[in-house]
Amino acid sequence: MSSPKWTKEQLEVIESRECNLLVAAAAGSGKTAVLVERIIQMITSRENPIDIDKLLVVTFTNAAASEMRERIGDAIGKALDENPENKHLQNQLVLLNKSSITTIHSFCLDVIKSNFHRINLDPNFRIGDQTECAILKQEAIEEVFEDLYEERDEGFLNLVESYAERGGDKEVQDIILGIYSFAMASPEPKKWLIDSAERFNIDENFDFSQSIWARAILDTVKIEINGLCLNMERALKEVESIEELETFAEKLSVEYKKIADISQACNKSWDEAYKKMASMSFENYVKGVKRISKDAPSYIKESKEKAKTIRDKTKKSLESIVSATFNKDNDSIREEIKYLYNIVKPISSVVLRFEEEYSNKKREKGIIDFNDIEHFALNILTDVDEKGNIVPSDIAVGYRNKFYEIFIDEYQDSNLVQEVLLKAVANTETPNRFMVGDVKQSIYRFRQAKPELFLQKYNNYNDKKGSSHRKIMLYKNFRSREEVVDAVNYIFENIMNENIGEIEYTEKERLNLGANFNVDTDEKSIIGGATEIHLIQKDNKLDDDIINDKDDRINNKENEIEEEEKLDNIQLEARMVGNIIKDLMKVNEDGKIQKVYDKGIDGYRPVEFRDIVILLRATSAWAPVFADELMNMDIPTYADVGVGYFDTIEIKTILSLLQIIDNPMQDIPLISVLKSPIFGFTPEDLIDIRVQSKDKIFYEVLKSTAEYDGFTDSQNENESEFIPSEECINKSKDFLIKLKEFKEKSMYMSTDEFIWYLYTRTGYYAYVGALPGGSQRQANLKVLFERAKQFEETSLKGIFNFVNFIEKLKKSSSDMGSAKTLGENANVVRIMSIHKSKGLEFPVVICSAMGKNFNTQDFKKSILYHHNLGYGPQFVDYERRISFPSIAKEALKSKINIENLSEEMRVLYVAFTRAKEKLIITGSTRNIQDSIKRWSNGIESLDTISQYEILKGKNFLDWIMPCVLRHRDLSNLLEEVGLDAVFNVEHNSKWYGKLWNKNDILVEKKSDEEKESIEEILEKIDVNNPDSDYYGEIEEKLNYIYPYEFSTRKPATISVTEIKKIQNNYEEELINTIFEQKVILKKPLFIQNEEEREKISGTERGTIVHLVMEVLDLKNVSSVNDIKSQIRGFVSKGIITEKQASIVNPYKIYKFFASNIGKRMLNAEIINREKSIYAQVNMKDIYIYEKLINNDDKKLYDNESVMLRGIVDAYFEEDNQIVLVDYKTDFVNEENINQIIEKYKKQLDLYADIIETLTGKSVKEKCIYLFGVDEAVCY
């Protein structure tokens, strides 16, 4: 194989020496190959060969380190093939295994292990399991809080009063834990915590205009004001050349000048901007403006209306800026910040105290966590001089002398701690740091990555040869086709800039085509071509003629709607993507299958499912739905979701089994295990056991069942006379024997050994392997086994501690995600997050969910925090019950918002640049007409997308669509929604766009040729007269009548409501209907019209009222306001929705509790609400029994029974007897009360009979409470 042909820039990177070199390597530019070649040339140089162990190579992942080590090993091997006697090369192969090609954490661990004595660390330390550390954190925070409560610490109590939610301090604990994790990404976390608090410790001379908060706010306001200026320019252009609108234009011009003055003031200082904002006023547009004649041309009216609309929106936006950030003078701000000092100082104190407690707990257990790894290494490698500056320690100097050069891969993802660490071991006299990365691909800010580190060097280093601090840019893309490169450049030239994106996407940064795809002889069959955009709307209004101006509604509510993205909307887009994939895979018009280029064969082959990847910004909610929909369309799919492990049935079962082995006195896990395939108890078995006694826990009743030999006269009155079946008794005995065996084994086996013993002894591991998805299920069980092995390495031991360990793990950290069983060569469409795709490439990339709004949940936190700006707390005066975002919080929100948008832009860049041959973009929007109108605003007059529009973007489509709608290729999208096509940009990128109507993809219709009626099939059957020796026998069998035919129609269980229907209407057709299994097909939400979606049925209304009556706190129903408050609480906790709450009348509920029956219920000691009941009932007890069976056959059914099920609304004990209450929400008037009673009487009578049987107490009274007339009817 020939040697690579390096570009000029790549050769400069490979050959430059003795400098700090920053390599800005764009996506697909071959940075890894260049980095490896540089190392190879260093160690194989004839003039000055370097030993491989003299190089420190820091990679981002272990996989990258392994790949690099392997590549270097291969290169050394090839060099030895050419020169087998070379001792230096032979030595390099030996040194390679102990070379420092590693991750930053591995390097830090080596430093710690070699110098543990410098930080008084036990040499036998181990790295704590992530979940074990999470548990220790929780224990530490709880203990710190308990101590502070006992000490009555005033600052702490003030903090809790300010930010604790009603009924607990969990939110405050989360604040402390969040700030601790954030602070640990600082080289000096204690200093950061103290400085962040002390920034609020100001005096009377404080000048807000000189603060970092003011500068942060102004950075955002500048963008906003400049955007408003551009809007006013657009408005002026609409009217300035129309004579009839001269006065109107003059007024617009005055306002434009005022806003331009504000823009200039923002560039000067906060005070200047504040003055201009305060003096800003808008013109009266009625006074002094000529009325337009009715006969005036329509274009004049349209121009005026368009200009006025732009102006009104500008006015509203400016007023919003003033009210949010320019509504306080310096004195007010000073008092606000001084007040907040009493909040933020305790925050830092509590975080520091938590850090100390957590550290003590880790030391007690002899463990360190990942934060410790970096900070302990930092403590070893640095000292602090007399001026407080960080300087390298003597140990760091030793490393400086050891390493000839330090290589840092993916430098754009370094954090501040890593920067200080590697700077400490780098040479200063002869610069020797090689840093390679791409700031446009920095997407780990949520892990405290600091792209600013890369940008600082990018802006300060020069590209001159011989410079000690040099940068070289690699922007030739060797991955993607021209169409992909052009599309990426077109989008990012328009949207990425220094303010949002943190780098200007200029000619230097744009991708340059470098890939070579050998052209196939049949170009029509090659996959590729124009970049595609597919949009689908959610509300099916594509054909509306009128485009309503709903920008404000969309901007205000879209975020809220996206937070609870409806399943149906995700399904819609998934189905659309499925259709796109099928189009890619099908034979084209010329009978050809589309092909992709395969480097392995240096040629083209048919596209396969494995060539396609679907990239999502976040996978948790979307990926499972996409996977299900695609598989339903016969598209093999794998979604790497990363959650759901603890929800799998096999893991739930084994964890329940472990729980009851430790403690069988737990009903829920016990019943879960009993009805699992391990023991095979049926619902009837469980009922047989439960009805033996209502008072005992299930395990005690189970033991009694196993010992059953007939109850004696000594049975207590609460025990049932139901006799368990022999099979049930035997199952119970077998269970207890095995449980005892398991308990004994667990006493002397390690946890992991015991779990594997359970797998094999019960046969459960083999059982799940035979189920659908068996290999995945077995892999999940293996993960639990591996988790148990890790647990055994901790100081905790035993089943009890392991169960607690898992429970705390579920509460304290994210779900682990199911085990991965997919091979890299499996022929499936992959669904993955954009983050996981980084560093990968695929022939076809489908970027989906581009219409999903950016996550802004962090802004809802009580306290924001930032490395440079410190704290941004919510202002809370709990005594005066005042709460609002402080000016500091507004500053942090502005800064973090820009940083987050920059991160999102880089995420989008990573997604697009994964594509080798075909890029497809998909998204959904609530109304395509409204959205396209909004996206196309101003495209005819602006050369580029304004930073203001980028700042206001809510999702990726808000950035992509304003760019592409300027392009000639997508004129069809504008025309399809009734807008004029405007072409403002000449660009060689190619685009294809399609608007999908959801009705087009709901059902895949068969073609007419595929349809064949049943009648046509029957006509083909040759029906001859029967002529067979077996005719008589066959006829006899076919005419046989089963004597127990009624039993075949009898259900296993029947509800009281169904019996009520039978008894009220005993026509056989109704009876047969009730005794048949019913399947209710509810119309999916996404094909319901708006009226159907909004409608709440009478049944649903009743269900909601019953739910509220079930969960109400009966100690707090003494007033209508009490009940209203509780209902609001149910909404906030997610028990009911706002819409559901709106149909509950709290006054009606209050009247119930104020009634005689309500007061009696409140006074009762024992109250049961929404109680599920089950009972075996003889069919003869159902009055209509006589109508069902012929008289001659009645004796066949003497013992025929059915399991009766129902839910009793409420019953309570009074004078050792039962009072039964049933709520009814039916529409009732005074005239039909008796009809209602007759309608429900039989139902209550059945409930009463069952309750008497189950409780052993008589029902003295049965009451129906009619909410319609606020009246109870008792008998």
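Quick reminder: no glycine exception, Cβ is built from N, Cα and C everywhere.
Listed features, source Swiss-Prot:
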BINDING   A25, A26, A27, G28, S29, G30, K31, T32  ATP binding site
DOMAIN    4-481  domain 'UvrD-like helicase ATP-binding'
DOMAIN    531-839  domain 'UvrD-like helicase C-terminal'
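Feature map: Swiss-Prot annotations on the structure.
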| residue | record | contacts (Cβ under 8 Å, 6+ apart) |
| --- | --- | --- |
| A25 | ATP binding site | K31, V34, V436, G437, D438, M473, L474 |
| A26 | ATP binding site | D438, K440, M473, L474, Y475, K476, N477, E509, L511 |
| A27 | ATP binding site | D438, K440, Q441, N477, R479, L511, Y909, V910, T913 |
| G28 | ATP binding site | N477, F478, R479, S480, L511, G514, A515, E841, T913 |
| S29 | ATP binding site | L474, Y475, K476, N477, F478, G514 |
| G30 | ATP binding site | Q10, L474, F478 |
| T32 | ATP binding site | A64, E67, M68, R71, D409 |
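Each residue in D438, L474, N477, F478, R479 lies on the same chain as A25, A26, A27, G28, S29, G30, K31, T32 and has a C-beta within 8 Å of the C-beta centroid of that ATP site, without being one of the site residues. DSSP classifies A25 (ATP binding site) as strand under the three-state reduction.
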